[in-house]
Amino acid sequence: MDENAIRAAIFIQKWYRRHQARREMQRRCNWQIFQNLEYASEQDQAELYKFFNDLIKHMPQAAGRKNQYQGSAHVSVLDDKDDLVEEFGDIVNAKIELPIRKNHIDLLIDVFRKKRGNRLHPKYVALILREAAKSLKQLPNISPVSTAVSQQVTVCGDLHGKLDDLLVVLHKNGLPSSSNPYVFNGDFVDRGKRGLEVLLLLLSLYLAFPNAVFLNRGNHEDSVMNARYGFIREVESKYPRNHKRILAFIDEVYRWLPLGSVLNSRVLIVHGGFSDSTSLDLIKSIDRGKYVSILRPPLTDGEPLDKTEWQQIFDIMWSDPQATMGCVPNTLRGAGVWFGPDVTDNFLQRHRLSYVIRSHECKPNGHEFMHDNKIITIFSASNYYAIGSNKGAYIRLNNQLMPHFVQYISAASQTKRLSFKQRMGIVESSALKELAVRMRDHRDELEDEFRKYDPKDSGYISISHWCKVMENVTKLGLPWRLLRDKLAPGTDSQKVNYNRTLDLLDTDVILEAEADGMSVMDALYANKASLVAIFNIIDADNSGEITLDEFETAIDLLVAHMPGAYSKAEMLEKCRMMDLNGDGKVDLNEFLEAFRLSDLHRKEQQDENIRRRSTGRPSVAKTATDPVTLLADKISKNTLVVEHDIDPTDCESKVIDPKKS
């Protein structure tokens, strides 16, 4: 081979390696955006848990008092006669009756896979939910699973409303049976659009094959989480005249879902993980039925909340493994812990287990080993963040408990038609849109901080100052230098035009995405039970009204134990503002109305800020070739999703050799 040919080969090799490195850097950057945003969002929601925890810890007299809202919500919901009414629109003519058998499963799959007209009659929805709750109630907290008869078992992770992935699993692996048992490891709903169908199908599978389907509870089997992440809105939109009754049945299902499973007494299957204080013996003895919501504590007559058992449930639902030693609070999620390999070894030794299968985290390949293969993460929702963002997977374990992984991507035909560049463009656009929506929550603060570094009002600041502001304000821990060209397009290599960043946040595609989302305040007001629980805790004398003295007592306790976390003066002023009729007391209606008005004012202020900015400061010209306009158009086009009937055969899958993985 002559010298020129060798040089050409080396040049091509260098170019290819640089290209591959750039692709991998882009993939990792997008993944970090998705994951950090997901954890930051859950951290917001976990603040509600923290608030309850602080109140109960420092107001122990409240923990033994009955929460009237919760107490009345669960007394007889399974025994009452259905008071369901007819729904408007198309209701499919599919009859479900007890006992549920395989023919009913086939009927449900055929109904649900259709893009349109996939609503069951509400009486059949109630039938499935009621019977499932009654049956689940009889199960232990930790379900024993055995391969003695079947010689194998399949474990699925998070599905998050991805009905297409569930149908792919059933198509590839077969329906449950005595020779083909399944464990579904929580997080059936939220985020995806077909959460109700996923939940109903899983519960129907359980009713049809009770000895071959095991359902574990995840952290999203919780009405507080559902209020934030879309499932409650999904049920309301599909059954607008019966959603309250259906959601009450769903709460009953949640409270009786088992907390985990143990396979052949050697493998623990739980949704999140564990901490250094987790005890399976204690978990087995907990009355799980009182934990309708993990994020909202149960308050019952004369029975103070046991924080130890509450923490046990919280840790197995919310925790994640870490590479470093020790057990520390999970600051990314704001709940649960990070547990290291030493914690895993100790936990397995104490409980005589071989390894643990958990879910709770999206992984690029659908699964991941950690802690010397003693922790296996399985995630079954493919295309979770965006089309092509990740593969889903499930595990098949044989009688020797050797795991075999099956990877898949649902709706494969949609990605086959796309080039790699197009797939990466879709993932990147989805990541940027989610990030921009999150940034809009801090838009005013971003603008104020940018201007501090621009005293001459030139519209430009240094790259380091731009990155510093982005991190200090959002606290997302992202590689901002890599994102600068995306979030401030069209700027030079030395300075950043921060107005480009602000203009991007005001584009139609970002405003529409923000409107489709739900804030913590939205979720809190939508889930009035949380507000009622807070009200009842502060109402020390159980009079049905909060006096200024009672409010001040609660504030004093919080301020004393958490200095700097709360401003007493500001909170007292907020209490006075809640007193709408000026009688010196705040009743429940005033308490709820104050939250509604506060959220309404917040939204009106956002609209006013947009109008003010459009006229109050010089904006970058919006032309067809303007960088911000081009980026917004790219995001809008690349995040367009067309719905089709679900075809479970439309998938790509392969079996992974566990030795190679």
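Glycine is no exception: its Cβ is also placed from the backbone N, Cα and C atoms.
The Mn(2+) 2 site recorded in Swiss-Prot includes Asn219, His271, His360, and the single candidate from Asp187, Asp251, Asp306 that the record places there is Asp187.
Within its own chain, Lys585 (Ca(2+) 2 binding site) has Glu545, Ile546, Thr547, Leu548, Asp579 as residues 6 or more apart in sequence whose C-beta sits under 8 angstroms from its own.
The Mn(2+) 2 site is set by Asp187, Asn219, His271, His360; from the centre of their CB atoms, other residues of the chain with a CB within 8 Å are Asp158, Asn185, Gly186, Gly218, His220, Gly272, Met317, Trp318, Ser359. In the three-state DSSP reading, Glu590 (Ca(2+) 2 binding site) counts as helix. Taking the C-alpha positions, the distance from Glu590 (Ca(2+) 2 binding site) to Asp539 (Ca(2+) 1 binding site) comes to 14 Å.
Taking only the Cα positions, the spacing between His360 (Mn(2+) 2 binding site) and Asp583 (Ca(2+) 2 binding site) is 48 angstrom. If you compare Cα positions, Ser543 (Ca(2+) 1 binding site) sits closest to Asn581 out of the binding-site residues Asp187, Asn219, His271, Asn581.
When the binding-site residues Asp187, Glu545, Asp583 are compared by the number of other C-beta atoms lying within 10 angstroms of their own C-beta, Asp583 comes out lowest. Glu545 (Ca(2+) 1 binding site) falls within a strand when secondary structure is assigned with DSSP.
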